[in-house]
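Feature list (source: Swiss-Prot):
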ACT_SITE  Y132  active site, proton donor/acceptor
ACT_SITE  K161  active site, schiff-base intermediate with substrate
BINDING   T44, I203  pyruvate binding site
SITE      T43  site 'Part of a proton relay during catalysis'
SITE      Y106  site 'Part of a proton relay during catalysis'
Amino acid sequence: MFKGSIVALITPFKDGAIDRKSLKRLIDFHVEKGTDGIVIAGTTGESATLTFSEHEDLIKMAVEFADKRIPIIAGTGANATHEAIALTKSAEKAGADGSLQIVPYYNKPTQEGIYQHFKAIAEETSIPLILYNIPSRTGVDMLPETFARLYSDFPNVIGIKEATGNVARVSEMISLTNPDVVILSGDDALTLPMMAVGAKGVISVANNLVPEDIATMCRLALEGRFEEARQIHDRYWKLFKTLFIETNPIPVKTAAYLMGLIDDIEMRLPLYYMKPENEEKLKSVLKDYGLIR
């Protein structure tokens, strides 16, 4: 269930609220285009600016709109363990298929603190947990040994979204666990290199815009057809880089609006609209790929 091309879905807003109509359209779009799973309320979904009740409602909406046609992985991590447990229990009750759990951010726990945080969540819930290691945002790196300990101790800890930018981490974590461990790239530009050494797929930003091709690339890689997969990787390299010319999800949400995938470009402060010169660069790249006119 948790392999291949999984989209880190944007959250559409309109008039200060979650835009149900656009959200349903996005989920239908990904079902139609062959996306393997949806992460809802993750970093790309602006989870940090959702209220607790909005967070719960967004997950419930996604489960409802997916209607068991595509797995829903709910972003329910937090830097307060009790909050992460509450959100995860709520997602489990709503019918989510899995949970994405970010390493606690800002408070910079030790490796033992990270272990105890995820231990508490794993013991209080039964939903499959995918841990999320992104030190550039959290300020702390969950080491492979800490992940391996959690993976060994708790059967509902099934994998990790790895976003350190270090491809060698894949081999290291497999050596500490087993080849079946679910390792997912957290960086579109590193998806293919990571899958070449054993990762199972990606939680992708670019998938918001080109889901069919990202899904095909991942399927080819899982089948060992790396030369064919590399052709897709090379084709979209420029898009992968352009989607990070400003803080994610600002460029991808702007692109989705320009492509007509959502009805409003609205973002929540402190995220703000793109600089005009960067938006022009984004438009140029989207035109090059035939995504807008």
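From the backbone N, Cα and C atoms, a Cβ is placed for every residue, glycine too.
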Candidates T44, Y106, K161, I203 (recorded positions) - the one closest to the residue listed as 'active site, proton donor/acceptor' by CA: K161
Nearest of the recorded positions (T43, T44, Y106, I203) to the residue listed as 'active site, schiff-base intermediate with substrate', judged by Cα-Cα distance: I203
Spatial neighbours of Y106 (site 'Part of a proton relay during catalysis') that are distant in sequence (at least 6 apart) but have CB under 8 A: N79, T138, G139
Cβ-Cβ neighbours of I203 (pyruvate binding site) (radius 10 Å): 31
Cβ contacts of T44 (pyruvate binding site) (under 8 Å, same chain, 6 or more positions away): A8, L9, I10, V205, N208, N248, P249, V252
Cβ packing number for T43 (site 'Part of a proton relay during catalysis'), 10 Å threshold: 24
Assigned element (helix, strand, coil) containing I203 (pyruvate binding site), judged by DSSP: strand
Neighbour tally for Y132 (active site, proton donor/acceptor), based on other Cβ positions within 10 Å of its Cβ: 25
Number of Cβ atoms other than its own within 10 Å, given for K161 (active site, schiff-base intermediate with substrate): 27
Where Y132 (active site, proton donor/acceptor) falls in three-state DSSP terms: strand
Distance from T43 (site 'Part of a proton relay during catalysis') back to I203 (pyruvate binding site), taken between C-alpha atoms, in Å: 11
DSSP-derived structure type at T43 (site 'Part of a proton relay during catalysis'), helix or strand or else coil: coil
